[in-house]
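In what follows, a single structure is set out as structure tokens and then discussed.
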Amino acid sequence: MGHENITEFILLGLFSDEKVKVACLVLFSLCYIAILSGNLLILLTIRGSRLSEQPMYFFLSYLSFVDVCFTSTVQKIISYNSCMAQMFFAHFFGATEIFILVAMAYDRYAAICRPLHYMVIMNSQVCDVLIVASALGAFIHSILQVLIVLGLPFCGPNQIDHYFCDVFPLLKLACADTSLWVIAIITTTGGLSILTFVALVISYVIILSTLRTRSSEGRRKALSTCGFHVTVVFLFFLPLIFTYVPRADSVGNDKIFALFYTVIAPMFNPLIYTLRNTDMQNAMRKVWCRDNLPKGKRSLWGVCPLPDLFCPQNH
């Protein structure tokens with residue numbers, strides 16, 4: 001077993017037509033700028049305000065950090081070792097995002113279903129443990145994916161029909177029978193994705209069912225918050241499930257599905273969590289807008305860099 005005949009891989013990307021590739025390069029460069037700016041805005045806003053003391057926003061700041069890292073792992077021509085590293089980090093940040101979404105669902109459950117015990121259930125130590133556990137679980141998942149590929153021989157060709165190194169496209173290039181590995185990955189990764197998705201949906205159904213006894217104002221705020229989470233869960237998990245279940249021989253479709261959880265979800269997460277979120281909007285005004293700060297204090301910017309939606313006094 002080894003890769004003596006393969007020293008690098010060529011990622012073919014989404015399309016083969018050169019003109020389409022150029023258009024995609026421009027489009028995805030703009031998407032990357034949007035992902036970077038949007039998620040860093042959320043991260044710095046939460047870290048620069050008192051929102052970081054609230055578990056939901058504590059997890060959201062890490063989700064934004066993971067989204068930036070997750071989207072930053074792609075390149076075209078890549079060495080064998082770099083390909084393994086890219087696959088590790090793509091799976092690591094992707095799995096970390098899954099576990100953080102689970103932690104956020106648990107946080108909403110505690111806040112809505114156990115409000116009197118919320119500060120005890122979701123204290124700072126518990127939040128730290130959940131983040132560390134998310135990273136540890138993601139590390140174990142990712143290293144297993146890499147070990148599977150490291151044990152396979154590669155003797156050519158070296159063109160990966162994808163836009164980043166992933167386990168299924170690499171299995172197709174291996175000079176060995178990988179059918180058992182395909183079944184194992186579908187069973188573990190695919191099965192875990194389905195079970196996690198179902199568990200998240202059930203948890204939100206339970207949460208929403210408890211809102212019937214709440215006041216109209218409390219119900220409206222809880223529905224709004226849970227709506228953000230449910231939207232992100234569906235946007236991330238459904239394409240992920242289609243990628244790993246039920247088969248691994250449709251790499252062309254896998255590339256399209258992968259766009260949702262590597263590009264589209266990270267790009268829309270900042271919008272989903274800020275457009276109708278009063279807490280985030282108020283925090284943005286305090287952190288970024290000079291006109292909303294007490295006299296003698298300055299924001300991180302000399303003037304408000306945000307749209308009038310967030311800084312209405314900046315005219």
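Cβ atoms are placed via backbone N, Cα and C, with glycine included.
In TrEMBL, annotation is done automatically, which means it is predicted and not curated.
Listed as Cβ neighbours of the transmembrane segment (20-44) (distance under 8 Å, sequence separation of 6 or more from its ends, same chain) are residues 13-14, 60-61, 64-65, 67-68, 71-72, 263, 266-267, 269-271, 273-274, 280, 284, 287, 300. Feature annotation from TrEMBL assigns transmembrane segment to 20-44 (among others).
If you look up TrEMBL, you'll see 38-273 marked as domain 'G-protein coupled receptors family 1 profile'.
Annotation comment: TrEMBL describes 56-78 (among others) as transmembrane segment.
Marked as transmembrane segment by TrEMBL: 84-106 (among others).
Long-range contacts of the transmembrane segment (127-154) within the same chain: residues 1-3, 5-6, 55, 58-59, 62, 80, 84, 87-89, 91-96, 98-100, 103, 106, 167, 170-171, 173-176, 178, 181, 185, 189, each at least 6 residues beyond the stretch ends and with a Cβ under 8 Å from a Cβ of the stretch. Residues annotated as transmembrane segment in TrEMBL: 127-154 (among others).
What TrEMBL records for 180-211 (among others) is transmembrane segment. Outside the transmembrane segment (180-211) by six or more residues, the chain places 98, 101-102, 105-106, 108-109, 112-113, 141, 145, 148, 152, 167-168, 171, 218-219, 222-223, 226, 229-230, 233, 237-238, 240-241, 244-248 with a CB less than 8 A from a CB of the stretch.
Residues or ranges marked as transmembrane segment in TrEMBL: 223-244 (among others). Among residues of the same chain six or more beyond the transmembrane segment (223-244), those with a C-beta under 8 A of the stretch's C-beta atoms are 56, 94, 97-98, 101, 104-105, 108, 112, 168, 185-186, 189-190, 193-194, 196-197, 200-201, 204, 207-208, 211, 253-254, 257-261, 264-265, 268-269, 272-273, 276-277.
The transmembrane segment annotation in TrEMBL covers 256-275 (among others).
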Quiz item: Is the transmembrane segment (256-275) packed against any residues at least 6 beyond its ends, judged by a Cβ distance under 8 Å, and which are they?
Solution: 14, 28, 31, 34-35, 38-39, 41-42, 60, 63-64, 67-68, 70-71, 74, 90, 94, 162-164, 166, 228, 231-232, 235-236, 238-240, 242-243, 281, 284
Self-check item: Tertiary contacts of the transmembrane segment (84-106) (same chain, 6+ residues out, Cβ under 8 Å)
Solution: 56, 59-60, 62-63, 66-67, 69-70, 73-75, 78, 127, 130-131, 133-135, 137-139, 141-143, 145-146, 149-150, 164-167, 170, 193, 196, 199-200, 203-204, 229, 232-233, 236-237, 240, 261-262
